[in-house]
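Undergrad: Heads up, here are the entries from Swiss-Prot:
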DOMAIN    4-167  domain 'EngA-type G 1'
BINDING   10-17, 57-61, 119-122  GTP 1 binding site
DOMAIN    176-351  domain 'EngA-type G 2'
BINDING   182-189, 229-233, 294-297  GTP 2 binding site
DOMAIN    352-436  domain 'KH-like'
């Protein structure tokens with residue numbers, strides 16, 4: 001189910017990004033050996049006292065040359081739309097400013113829980129200066145120091161008090177939830193309509209637990225599905241409707257509720273950098289992934305075109321080498337019937353569980369084929385492996401020294417697992433652990 005979302009809002013230069021980095025810590029770093037996988041730090045995961053959440057740094061949203069107050073309003077709009085709790089950041093050294101009051105008016109009308117933080121209170125003597133902030137109307141201000149990390153515990157304690165209770169979505173456990181993500185105008189809505197137009201539709205739109213997404217349940221061949229559609233959302237201001245970062249925010253909320261993610265590309269326009277960013281989030285999520293090339297009817301082609309396009313996808317999306325590719329046209333509905341069987345296949349792969357003895361036979365055969373690496377005279381020894389999770393399949397490999405498992409050898413082991421067990425459309429995680 002979706003994690004609660006905290007948004008950090010405030011005028012420029014109050015330290016929003018510093019607090020964001022303090023809260024997410026090492027989670028901002030992306031450990032990925034394949035070049036070209038770009039990440040946007042606007043949205044990341046955090047954890048506090050067993051509370052997991054996602055956090056938005058609205059300071060990472062670039063409005064361009066809009067007037068100052070317009071920027072603030074639009075920044076707050078993102079927070080109001082996306083967040084369960086808002087941290088309203090101010091600067092204790094500056095006192096209450098007119099811009100702070102402007103933000104306060106917007107947030108006050110939102111009816112969202114707001115926790116007021118006064119940053120840059122770097123020593124106890126400065127605490128006596130924060131009482132003016134009561135005038136903003138959000139109760140007790142929390143003095144913090146982004147530079148030194150002071151006061152963040154109390155701030156997060158208060159934010160966690162406002163997290164919504166986790167509710168089940170009401171669908172059966174066997175129901176496959178899939179979302180369509182992609183930049184604007186790649187044809188997500190058209191594809192949803194094409195899928196629904198072919199099948200018996202259960203006529204009910206259930207409002208999802210994620211704001212701005214509509215769940216559409218339907219059945220095919222006795223199986224139940226839910227399409228989590230991010231394409232039918234109400235229009236935002238023109239500035240945000242055109243910014244790629246806002247598209248990413250919407251996609252992330254849909255991914256979190258999905259079993260399978262369809263990364264939709266525009267076959268006519270080809271691949272651009274934003275496609276790679278959005279696909280990267282699908283990969284990072286650990287969900288099963290299918291790459292869908294839409295508008296294939298509009299592409300001038302011969303017998304080599306599809307193969308060339310597939311090779312181009314593989315070159316750009318090396319990190320999604322496990323994801324199957326489906327070419328179709330939502331407009332003409334050509335090949336759309338091939339999509340659901342692929343969704344079924346990757347969803348099944350996502351839940352594969354391997355018996356421990358069979359798993360270890362494959363691992364030991366792999367080691368015999370390609371001996372483990374050495375580093376500074378020490379050789380990696382693999383004692384045994386076990387599967388600890390599904391969705392995605394996750395394996396713990398017990399070794400003499402986890403530091404000796406180089407990413408290239410880990411990749412080799414993953415490839416051997418795929419050759420042996422399939423794992424079509426699903427990432428595989430391998431965790432090296434020292435044997436006691």
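Glycine too: its Cβ is placed from the backbone N, Cα and C atoms.
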Undergrad: From the binding-site residues 10, 58, 121, pick the residue whose C-alpha lies nearest to the C-alpha of residue 296 (GTP 2 binding site).
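TA: That would be 58, nearest by Cα distance.
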Undergrad: How big is the gap, in Å, between the Cα of residue 58 (GTP 1 binding site) and that of residue 188 (GTP 2 binding site), rounded to a whole number?
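TA: Between the Cα atoms of residue 58 (GTP 1 binding site) and residue 188 (GTP 2 binding site), the distance comes to 26 Å.
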Undergrad: Look up residue 121 (GTP 1 binding site) in the DSSP assignment and reduce it to helix, strand or coil.
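TA: The residue in question, residue 121 (GTP 1 binding site), is coil (DSSP, three-state).
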Undergrad: Specify the secondary structure state of residue 182 (GTP 2 binding site) as given by DSSP, simplified to three classes.
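TA: In three-state terms, residue 182 (GTP 2 binding site) counts as coil.
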Undergrad: Measure from the Cβ of residue 188 (GTP 2 binding site) and count the other Cβ atoms within 10 Å, all protein chains considered.
TA: 24
Undergrad: Show which residues of the chain containing residue 185 (GTP 2 binding site), separated from it by at least 6 in sequence, have their CB under 8 Å from its CB.
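TA: Looking at Cβ-Cβ distances below 8 Å from residue 185 (GTP 2 binding site), excluding near sequence neighbours, one finds 266.
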Undergrad: Helix, strand, coil residue numbers for the domain 'KH-like' (352-436) per DSSP?
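TA: Here the numbers are 32 helix, 24 strand, 29 coil.
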